[in-house]
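Student: Not my notes, these are from TrEMBL:
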type	residues	note
DOMAIN	68-348	domain 'Glycoside hydrolase 35 catalytic'
DOMAIN	432-531	domain 'Beta-galactosidase 1-like first all-beta'
DOMAIN	555-614	domain 'Beta-galactosidase galactose-binding'
């Protein structure tokens with residue numbers, strides 16, 4: 001069996017483990033063995049393997065079970081997932097070294113279309129999105145850095161990636177056409193994918209194994225079996241990759257019950273699971289033409305890789321029906337938190353992550369290191385030291401700027417007779433708005449019932465006075481009696497687009513229909529886009545900021561300075577008495593805070609801090625707090 005684990009780095013999936021030398025167990029003391037002989041692939045690493053003729057392949061003979069080979073040598077894929085776009089570039093090497101030190105030989109990553117092509121025809125592979133610059137360039141890009149560390153790479157380029165990312169990695173400008181059908185052979189969607197692949201594959205093809213790179217396999221789309229709206233779609237993507245020069249092993253990846261709908265001819269099918277059960281491979285067997293007998297044997301292997309009810313697994317194949325190796329593309333490591341819910345943490349023997357968001361070791365890390373060390377012939381690399389954390393002086397914002405005063409520093413507003421949803425705003429070279437807030441203004445001269453369909457949540461104001469909120473469950477609001485005519489303001493926040501299921505088709509944000517009072521449509525809107533881009537914060541520096549007095553109400557920006565000293569380190573930011581908003585550090589969006597929890601801290605990478613003074617801007621939607629604190633431990 002060829003198992004491909006995906007131990008995601010996450011802030012919310014697992015507690016940190018204390019780093020002790022005694023947990024760095026020598027290989028010879030490691031626990032039970034998967035096989036009678038140890039695996040030796042020290043000669044099968046990206047830097048050592050120079051003469052290349054045969055890449056990653058599957059093989060089945062009468063004398064052996066189906067397995068992978070690399071350059072003709074039997075090869076087991078032990079892989080972990082690190083998403084370069086989610087880890088600060090300055091921490092890439094640390095995370096990759098920790099993956100290698102755990103015993104893994106492969107790293108996988110998604111490639112997010114929405115981040116790499118934020119506007120049609122405008123591509124970004126810079127900074128934290130630097131996937132593939134030339135091997136001789138410094139600093140190393142992600143894929144070449146993985147090779148340098150000793151890891152092979154499996155790329156998952158989409159176009160849809162799921163990945164718990166906005167719209168599953170599809171760019172929001174695709175939503176401008178209401179007739180366009182996502183993840184199908186719809187002409188508009190296919191044309192957009194083809195243009196993206198033309199650019200992406202020109203960068204990716206030179207990274208392949210046969211061209212001296214570390215990429216040994218690529219995945220065709222992701223979990224299409226759960227969507228399955230168009231039988232011609234996956235074969236089209238398969239052909240699109242081949243036509244653009246992809247020659248390495250191709251894979252599909254689906255949940256165990258969806259593999260029949262998601263697999264395609266000529267591509268190795270793999271599955272995604274959260275635990276091993278007796279019928280885990282039932283559907284995959286039918287695709288791979290393999291009869292698999294699965295028995296759980298408690299005395300065989302105690303590794304923490306199986307579910308909590310069975311500590312081990314054993315597999316055997318009938319000799320006359322062997323075909324392809326079994327590959328688990330995603331062995332899930334946790335679940336995400338939802339605002340207002342409980343923090344989701346599981347036991348290390350079941351369902352949690354290997355590293356925290358800050359790169360700290362968890363109990364799962366040492367369990368896996370012990371397991372993988374027990375089957376490898378060569379000693380594991382030494383454990384990289386933990387990245388030190390720091391506690392800095394609290395930050396008390398000294399200045400604030402009401403949202404209404406900041407409007408003049410935005411780009412020119414859109415003037416429209418009717419509301420326009422976020423994605424269809426005629427801004428950003430016709431690509432609309434992807435993230436953030438939109439403010440809709442129109443004069444009203446009568447009271448009554450306001451009705452507006454908003455996505456996802458909105459604050460409603462008369463002039464600068466807050467009168468209520470709207471959201472998906474509440475589209476009506478009573479407008480009080482007004483003197484003369486007043487300015488109706490509706491501030492709508494996009495709280496993120498779903499990443500999975502057919503619902504991706506209906507993820508337009510902002511005001512998505514008519515705005516009425518007493519069933520009479522309102523007209524004459526001024527629409528401001530608040531994307532919170534770096535250029536906006538640059539312009540805010542020239543604004544007329546006001547001194548902070550006591551706690552203020554209403555949407556506003558708060559400015560403070562974090563003093564990090566001469567050598568900044570990682571830390572965690574905490575906003576104890578604030579309500580709801582976002583934190584920006586030196587123009588970077590650090591994330592959302594919300595007093596309903598469960599998350600109470602935001603990870604602040606030291607790589608994003610300057611020596612000494614750092615600008616912090618807080619956008620608070622309702623009631624401000626007094627200060628921001630830092631801590632050397634997350635509180636989730």
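Glycine residues also receive a Cβ, built from the backbone N, Cα and C atoms like all the rest.
Keep in mind it's a predicted model, so treat the numbers as computed, not measured.
Looking at the shown structure, can you explain where the listed features end up?
Tutor: Using DSSP to sort the residues of the domain 'Beta-galactosidase galactose-binding' (555-614) gives these counts of helix, strand and coil: 3 helix, 32 strand, 25 coil.
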Student: How many helix, strand and coil residues does the domain 'Beta-galactosidase 1-like first all-beta' (432-531) contain under DSSP?
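Tutor: Here the numbers are 4 helix, 58 strand, 38 coil.
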Student: Can you check how the pLDDT averages out over the domain 'Beta-galactosidase galactose-binding' (555-614)?
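Tutor: Looking only at the domain 'Beta-galactosidase galactose-binding' (555-614), pLDDT averages out to 97.
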